[in-house]
Amino acid sequence: MEGRDDGGGKVIGLIEKATKSTAQEVDPRLLKAIKSIVRYSDSEVRLSSQTLMELMRHNHSQVRYLTLFIIDELFMRSKLFRTLIIENLDQLLSLSIGFRSNLPLPAPPAVATTLRSKAIEFLEKWNLSFGFHYKELRLGFDYLKNTLKLKFPDLQANAARIQRERQEREMKTKEILRNKFDSLRVSFGLFKYEIEVTIKEIKECMEIVQWRGDDGVPLAILDEEDFEEIRCSHLRQIRLDSLKQSEKVEETGENRIVFDVLREQCKLLVTKHLISVQEGISLLIRVDVSDNRTRDSMLKDLIDIRNNILAAKKKWEEAGFTMSRMTDIHGNEETNEEEEDIWEEDDGKVKTDSVKNVAHVMRTQQSENSSLPSSGEAKKSTSEARSNKVSNTKKVGSSGNSLRDKLISEAPVMNWGSQLTNWESTTEVRANYRGLEIESHWGRVDQDAIIPADKIAELNLQATVYREERTETPPCRASLKKGGLCQRRDLRVCPFHGPIVPRDDEGNTIIQESPLDESENQTSSTSGTNQDVSMDETTSDSDPNQLARQIAKEALKNIREKDKEVVRKRAKLVKVKVKEHNHEVLRGAAIASTSRSNAMDDEFDRVFAEKKNKKQTFSTRRKKTTAKDRISQRLFSNRVKGTNPQQLAQGNDEKCRDTSANQW
């Protein structure tokens, strides 16, 4: 009993610890410990089911979510636990799915949504596995799906669909592998022959390169006596390395053709044949055919071919013919040839770049001197050479530089891209520049297909979007009441201060004078300056008529000032007359409106009395009055006729509006 009590308390503690987490799943170690304790006895199963149902009543969706995970693990493994849970299935579904309106799922809402979807998924899984044995489980699933119309994930249909898709993919893969196997079986003899010929050519080239004539005896045999005298292992290893190094043959002008053939064959064997052999081996391992004898024989031959290729590769690597070394040698020769071509000019002048010249000079200095110069000296020499080069080019080609600077200033600025790499290039590019073997199920593949230069230029065409240059809009700079200047940036008119005009730092407008005013100012300034000059100086001037000109300018200035004063007084008088006229018009309009309103009231009273006292006589022959008749009668009435003179007066006022704009 004590052992059981200890186990019961332990399982309760583990379950509570597992459900207090904030993770998306239960800790696997705690779940494993719970399952191992529950497996101990039936009492542990009953205690765990009771504890889990109590935790499902907790007012937090995260606790219910983790509790549901533990229930699912134990439900799929224990028959007793299933029986105990199905007895309380109604309560479990309402607490996990929340289909009852009076028992909604607790907060947080995101975890509650996940709890609901997971509970629906677990219920469908339980029904698929144990619905045949438990009627309550079957009825609960049917009620939620058909009555409440809950959306289930339909695990069985999804599993069947996934299984069907996987089978279809496997069938397609088998069919593709079978077709590849048939094509490999047809061309296997030719494929094997090509690889054998390539390996044979590589061996013959290596024999030609390593042949030493009559002195073809290995150095190890000649030095066998000396080799026995060396007792130290370190010295012996150095001796072996030196012997191996002496066996390596360097590429020269005599054996260059053999090296080129060896380089091409090695590249073909590694980049093409070795990859094809490895693909064929993987194909034969995966393919499922009825004729296993043919497949096994082909697999054995491919393994032997792969071993021969690897052996040949190891042999030329031991001999010093590595691919990287051969390509480096070939590239260095090409660069040397290019440098020789650059130095051979018609006039004997050097036209290469300054940086290349400096680099060449540094290489010659390094080859002549055993000690290497420091980085500071190298930088100094490069800077001096560069400055000398720039000065020489400036002196020689000033006209060319001016034309180049002009073209650069007119040229548009573009972002660097791949289209500038092939600018005005007329070279054609191969479609399959990698040298791979491309297969196509739609037709024949041309391995030597090329892309013309005009097509490359069309593919590298770049579209640019026009961008308008941004111009800075000047601020309003009008003075504000609270101090400072207005900083609004409008194009023409500020909504608070009117048209935008040039202003100074204090907010005052800068008046832009007309050419006439400028001429007047110039004349006035000249006259002012001339007035300061004494009469003796003016008379002593070379021009005798200068005094007469000054007097004429002064008289003209006085006349203009008098004219301006007359115009100013006349405008002031007109303004006073307009003001008096407006006052008289307003006074007459006020008097006319009061008398007219009294006359209209008397007229309305008279008409209303006549209509009231008039006897209503109806005649069948009398013509009915229409709206048009009433309007015409109204227009020709005495009241309208009395207003005609006033309308004519209004017409006259409209005619005179332009002449006297401020008069009413």
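For all residues, glycine too, the Cβ spot is worked out from N, Cα and C.
Values in this document were obtained by computation on a predicted structure and should not be read as measured data.
Record note: among 148-180, 412-444, 478-510, 148-180 is the stretch given as coiled coil by Swiss-Prot. Ranked by Cβ neighbours within 10 A across all protein chains shown, the binding-site residues C476, C486, C494 are led by C476. For the Zn(2+) site, the Cβ centre of C476, C486, C494, H497 serves as reference, and the other residues of the chain with Cβ at most 8 Å from it are P475, R477, A478, R488, D490, F496, G498, I500.
The average pLDDT the prediction assigns to the region 'VHS-like' (10-153) is 89. Around the Cβ of H497 (Zn(2+) binding site), 18 further Cβ atoms fall within 10 Å across all displayed protein chains.
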